[in-house]
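K.L.:
Below you will find the structure I want to go over with you.
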């Protein structure tokens, strides 16, 4: 479900929180709650109802509720539906690896923005995922996408090529993840309080902590595998001599870390991931003792020089920072570096500086800053040779991604023009004073992404760009552009075009001819001085999906672009840049001066009536001896998966009478004879289940209904091969109720000992959720069918 913007979120929350008699009363200060809910309708409704039950306006404030949200989420019955949704999201994850990746978010504070690639490297170092995936362990990117597709991960910043750069988990989900990870002893948190865990595997320290040497003895910390520190920890935490099994050490947000602490880090021989904070100025020579280290991240540190020994580390794959090499690197005669990422190096043109790159045959990403300094030769010959070797095209199929980023001044331009073909790059970023496009760029094979930063982009440079027929993403950053025309058939593969222009009043934009950029779906015009359409005719861009403008443009300009979008046959969205950075998949408006339009965002009327069952949930749930509702506000059967034992299911209740009937495809599977295993089940085909009628009961009431109140269901068999209805295999509508998983001799109905709510509440409180309790099948019996079948959502 799409998240609501700030205005709509506040409206929905106030509607649920404030009784009608207080409609004219001052509304609650809901800023903290709105931030915690992150625009999620179910979270807003749940907390709003809870606030009303507490007797608002006399009850606790919104700030008090937020500070104790983890307690309310665990214990209060108002949060029962929310608990079910969160548990389903967790139990429906298909394997242990994804569950571990999800619980790992408990290491970070709420609202902390995590770099996607750093997160993937952390997962790799922990062993949750593998670069060579197996049947039980996914690769990092697949695991990340699986969590993102479930709306567990919220993208914060998305790059021009639609890759998520930073992400976070929204408030309510993070509360659940934190509680789950602590309950299962997956993570131990220290947040201004003592912790008495006897064995600690993953330790996360938030803010300053009361922990000292007395309550964090060596025995409890000797088994720590992962340590993440935020803020100012106690000195006992920074005594790294006690962490003998440490594999992950994330200190980039640690405020009290000193150079003396790093000396003890060099004795952690099992360390695979190391990131250092802002107070670190140098690396000790003994850093080379970390022979299994895979990632060294110095981007947040003040380290300006790196010793040559670092490049000789046998397992180092990723090296980040902004540093110079302290001395020459002398590789052994047969030595080869496994380094894949070198981002980045500072060079002033010294001779012999880049000879070591001859031994880095596995490099995939290189970032270099070229600086002019007093006493330096200013001779870029070695750098030019190193770059030439890096971009050389061996004409090998499936060569993979190869990225180069260069920051330079005018003295390096001649070296750029000296680069020869054949060459290969998938991504190129050039930041400097370019008057013309270097010739090697035109001949690059495989170039998909290009970013150019210059004072002014000349007409010749811009026209040369149109020769890049395979380019998918183009970003130009400049003070201004010279006038030029994007002609017919130019940029035949371009998907995203971005202009970032600093001209304060009237920036120049290109003229777009009909027939150019036939597949462009995103146009970004980040120019605060933009006035009107500037001659751009978006009607020529036939498949355009979104236009992104600087959120500082005036309202008249904004109106013109929205009007042009309405007249476009594809009705593209017009979004401010803040929304664009938040999420490309499902734009979520932050605090914005602009109201969402019908075509660009969620539109909620001034006083819309929100029904009790107006939210959808996804996931899986384990249920025993309970009554269950499908499609009563929560679309469980069609979107999630349920393992149910001895319970009855009411199908298609609580549908809005005004809603159009929807078809739910359900696969029927004959259960195995043992009744307990699905491994030998026989598929019987796909059935369509149309919704029937509106009974308008609330979810909480319906769950206690007798199975005799089941609604008649018509099942039409669909041919699984072509998904077409088979007229000869139609099960006629019947008044026979359809109970779920009715095992021979089992009892169900109002006399069941345990209610579904009690079971779910217990599951959340104890957090002893079996990692093997995930099923994607539902069992039913009905008229004209064999005694026991299972239904599987398609």
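Any Cβ shown, glycine's included, is placed from N, Cα and C.
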K.L.:
Please find, within the list 721-740, 741-760, 761-780, the residue stretch that TrEMBL describes as region 'Disordered'.
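P.N.:
It is 721-740 that TrEMBL annotates as region 'Disordered'.
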K.L.:
Under TrEMBL, which of the candidate ranges 525-562, 563-600, 601-638 is annotated region 'Disordered'?
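P.N.:
In TrEMBL, the region 'Disordered' feature sits at 563-600.
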K.L.:
Can you give the mean pLDDT for the domain 'Disease resistance protein winged helix' (107-177), rounded to a whole number?
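P.N.:
Overall, the domain 'Disease resistance protein winged helix' (107-177) comes to a mean pLDDT of 87.
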K.L.:
On the DSSP side of things, how many residues of the domain 'Disease resistance protein winged helix' (107-177) fall into helix, strand and coil, could you say?
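P.N.:
Helix, strand and coil residues of the domain 'Disease resistance protein winged helix' (107-177) number 29 helix, 12 strand, 30 coil.
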